[in-house]
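Peer 1: The active site annotation in TrEMBL covers His261, Asp315.
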Amino acid sequence: MMVCEYKPGLEGIPAAQSSISYVDGQKGILEYRGIRIEELAEKSTFLETAYLLIWGELPSKEELEAFEHEIRHHRRIKYRIRDMMKSFPESGHPMDALQASAAALGLFYSLRDLHNPAYIRDSVVRLIATIPTMVAAFQLMRKGNDPVRPRDDLDYSANFLYMLNEQEPDPLAAKIFDICLILHVEHTMNASTFSARVTASTLTDPYAVVASAVGTLGGPLHGGANEEVIQMLEEIGSVENVRPYVEELIQRKAKIMGFGHRVYKVKDPRATILQNLAEQLFAKFGADKYYDIAQEVERVVEEKLGSKGIYPNVDFYSGLVYRKMGIPTDLFTPIFAIARVAGWLAHWKEQLAENRIFRPTQVYNGKHDITYTPIDQR
Ligand SMILES: CC(C)(COP(=O)(O)OP(=O)(O)OC[C@H]1O[C@@H](n2cnc3c(N)ncnc32)[C@H](O)[C@@H]1OP(=O)(O)O)[C@@H](O)C(=O)NCCC(=O)NCCS
């Protein structure tokens, strides 16, 4: 039998062939279906980009209108899901609430017809449409309020911000939020996407696929880092404190949150776009001292660790953008999930098209031929 070298974290080992997205970590390039992220952020919308990723081509005007129409009319959640969510503890993390709710959707749509394009489309529409409603509903219910019904006259991002804050958002804030979703929708074979593909490969339903990916996204080394960036900036507290704080972290070999990436060895192109969006928000709604602190952190980290390829990643500036929009810190990762669900679904569809169940091997490093010791002799 062939003996393969064990690579912790499967670093550098291809887990799938995929035509969904591409990263060049040396040049700082990210493409969705061959289109640069900068171009999509400037010209597209989240739903159009989701369509592109899932069906492989930009939609025609009619196709996009039909897709948007379907999403708009599937945003409501069943009252039983809402009642189930009401019984969740308000102290629970919204990612856990989202994972449970996404899995529960599968109870209502248990018919599994994976070879039927209509089933694929219905599942895609239902998941993209209801995940934001579930995130907003949990947020209101944990504050003791009733969830707000989605508004059919608002587009995808404006409706989410409306459901979250119970008021219509500023158009610039809604536009910037939509761009944030584009920036987070897909990123090659990361941990949650891998998790989605492993689950998909068993031919289970798409709700289980998304629920397992949500669970994976929740960890601080993946989607949870932008929460920790905000905590770090608050702890630093002033521009003068930045240098000693960063030096102390480097000295004890601690990780600086929002920096470093397995693939990017230059500044993440999404961080550059997010920084620009943050500046637009500050110009309209007032400056934020944490942005000054963040810029100084970037300067000091680049000076100290730039030679190692440690630069800001997507999480460094996204928290500042969401914070300026008044979004609570523990909703940052659920918002990441609202975007990434479309990427996971693109991988679900791609996995089904040429499926083989994931069944890797392991390097056994345990014992052999041990005799059983009766309990009274241990
Ligand atoms: C994202 C991350 C997990 C990538 O990890 P990785 O590819 O395994 O990178 P490594 O841990 O092998 O890092 C390589 C070197 O850079 C250092 N490094 C990596 N990220 C660092 C960071 N954020 N701060 C300080 N040093 C860092 C490592 O300590 C290591 O140094 P060494 O060679 O002296 O041991 C890692 O950079 C990290 O934990 N970042 C902070 C969390 C974060 O922002 N996550 C969001 C990712 S989008």
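These residue numbers are counts, starting from 1, taken along the chain as shown.
Using N, Cα and C of the backbone, Cβ positions are placed for all residues, glycine too.
How buried are the listed features, and what sits near them?
Peer 2: Counted within 10 Å of its Cβ, the other Cβ atoms near His261 (active site) come to 20, all protein chains included.
In three-state terms derived from DSSP, Asp315 (active site) belongs to a helical segment.
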Peer 1: Measuring Cα to Cα, how many angstrom lie between His261 (active site) and Asp315 (active site)?
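Peer 2: Distance (Cα to Cα, whole Å): 11 Å.
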Peer 1: For Asp315 (active site), which residues of its chain lie six or more apart in sequence with Cβ-Cβ distance below 8 Å?
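Peer 2: Ala225, Asn226, Val229, Met257, Gly258 - these are the non-local Cβ neighbours of Asp315 (active site), listed in sequence order.
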